[in-house]
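Novice: Before I ask anything, let me first share the structure, which is written out below as structure tokens.
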Amino acid sequence: MAIPSSISDPFASKFLPLSSSSYNPSRISVPAQITAKIEQTHLTALRRSQCSSLKASMGSPGFTQQLNNSKLDTLAEVKDGRDDIFNDLKDRFLSFKKNVYMENPEQFESLAKVQTPKFMVIACADSRVCPSNILGFQPGDAFTIRNVANLVPTFESGPSETNAALEFAVNTLLVENILVVGHSCCGGIRALMGMQDDGSTSFIKSWVIHGKNAKVKTKVSASNLDFDHQCTHCEKESINHSLVNLLSYPWIKEKVENEELSIHGGYYDFVNCSFEKWTLDYRGTKLEENGRIVTKNKVFWS
Amino acid sequence: MLSKHCKTCKRSLLVSAPIISKYFSLHRKGITMANQSSELAIEQLKKLLREKEELNGVATAKIEQLIVELQGCHPNPIEPADQRIIDGFTYFKLNNFNKNPELYDRLAKGQSPKFMVFACSDSRVSPSVILNFQPGEAFMVRNIANMVPPFNQLRYSGVGATLEYAITALKVENILVIGHSRCGGISRLMNHPEDGSAPYDFIDDWVKIGLSSKVKVLKEHERCDFKEQCKFCEMESVNNSLVNLKTYPYVDREIRNKNLALLGGYYDFVSGEFKLWKYKNHVTEPVTIPLKGLDMTI
């Protein structure tokens, strides 16, 4: 597996010093079980062999620290076979701390006081589609909610964790953009499409039912396609229905009308590595009588 | 935006040569993406000119024209929000996805994360950043104040669905709940309704999942100031979530079968520290009280 050496980062001006040597792209994908097999990577060097005992002063944001050239043995060993997990998590955090946190003290200092993200992102909990990875959101950029199948329930459906987060992001943090990101091979959408009305209940069923309008529309417009392609169709349809559901919240609708808030949909295809994005055209959608959503600024990158 | 090309670019698309149309998409990328990509597009076109000797004069002229346009193109301005996303995706694609084809090939077929992570929606605490989780490693749920409500089939189907999927379908081995410093959700829990403010539609209903942690903290740390109490509650609420996790039958079953571990974490971005602990529910082996030597005649 090819692991690149330091590469200049487009976010250099925001978080990272311009010299590429200090930014080690430890965000390279290396599943934990493969780490040991790779000899010459920055990741290995950072996590295992370097000085790693870091101390930061409490409270004051001055971040006085000492780097000791001692091995990582400060954490008491847990003797029940889960040592690996503790060590793994320890290494992960220390690598972040050394390469990102301590390289950008001013940014983290100001973030510690307050967050002012421009985006709210609603994404699926799927391990392959974290917005921080695929869209490069850095600390402070995006207030993120992740649930099964990136669904947005309607205002009328009552309290849920998704609308609590919406309320906070829109009314308190005053985000300027809401982005709903769907993706290929979504298990939640598949469950929605395959759901039978056989009286059985489960949490998954009770949740994905929030996307039932997308399922109905897909069954109507894509009935000639096979199940897999219907699911792909539904993944995209469901994003648009979530965008419409966002407008059912009065405080969201008001801000969109006043052009203080934009609503966007995005679709990440991890089979072909492509990303599509579009913006809800509020005025256009209002004018459409048949409930169809109108979009603008549609873009596709692959 | 792709829909607003330079007029000159659009005219060149009308040429039917297959080679041109193949590289037109590269040209479009060159316009809308960050510097890294347009340089890549120019390189590819120059390579094409060098290597494809059979190109006729017309094709050559068109490719040269594309190169010139890429180098000097002034596209219509892109919305800053869109540009931000373009740059982020391009960086991921070029530096991560394209460099690890075997991994992403495998992930396209299915996911088998070892971790399930509950983290706060706060923009500053993405576990992918602070714990460097790469695609495929962690099934991640993010909500206000990283809360896990107790098992309740009539509501909280959102969290229930994530747990059901993670345990029964993905068979994760670890559930990690991460709290953090200066959490707005915990602050609201600790503040309201004592501060007399108007209730929110949804936030208050959600954060009251952590009510037992608030009660505990107010009792055990009543002399501390509000900020310190919030900090204790941020950690206590993680423990409350861990306890709530055990109320889900499939979670409890997997723990008993030693297939699943529950972990708590706390990220303090003020001091730059991370605390990590385990939730252990330990039942000792039974000790047999010996019958030998006892007088059984009672």
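Just so you know, glycine gets a Cβ as well, placed from its N, Cα and C.
Just so you know, TrEMBL annotations are computer predictions that nobody has curated.
Pasting the relevant annotations from TrEMBL:
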- B:35-62: coiled coil (COILED)
- B:CYS120, B:ASP122, B:HIS180, B:CYS183: Zn(2+) binding site (BINDING)
Novice: Which of B:CYS120, B:CYS183 has the fewest nearby Cβ atoms, counting only those within 10 Å, among these binding-site residues?
Specialist: B:CYS183
Novice: List those binding-site residues among B:CYS120, B:ASP122, B:HIS180, B:CYS183 whose Cβ lies under 8 Å from any Cβ of chain A, in sequence order, or write 'none' if there are none.
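Specialist: Filtering B:CYS120, B:ASP122, B:HIS180, B:CYS183 for a Cβ under 8 Å from chain A leaves B:ASP122.
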Novice: Around the recorded Zn(2+) site, report the further residues of that chain (criterion: Cβ within 8 Å of the mean position of the Cβ atoms of B:CYS120, B:ASP122, B:HIS180, B:CYS183; site residues excluded), sequence-ordered.
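Specialist: Same chain, not in B:CYS120, B:ASP122, B:HIS180, B:CYS183, Cβ within 8 Å: B:ALA119, B:SER121, B:ARG124, B:VAL125, B:ALA145, B:ASN146, B:GLY179, B:SER181, B:ARG182, B:GLY184, B:GLY185, B:ILE186, B:GLU234, B:TYR267.
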Novice: Cβ distance under 8 Å to B:HIS180 (Zn(2+) binding site), same chain, sequence separation 6 or more: which residues?
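Specialist: Correct list: B:ALA119, B:CYS120, B:ASP122, B:ARG124, B:VAL125, B:ASN146, B:GLU234, B:TYR266, B:TYR267, B:ASP268, B:PHE269.
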Novice: Work out the three-state DSSP category of B:CYS120 (Zn(2+) binding site).
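Specialist: Strand, per DSSP.
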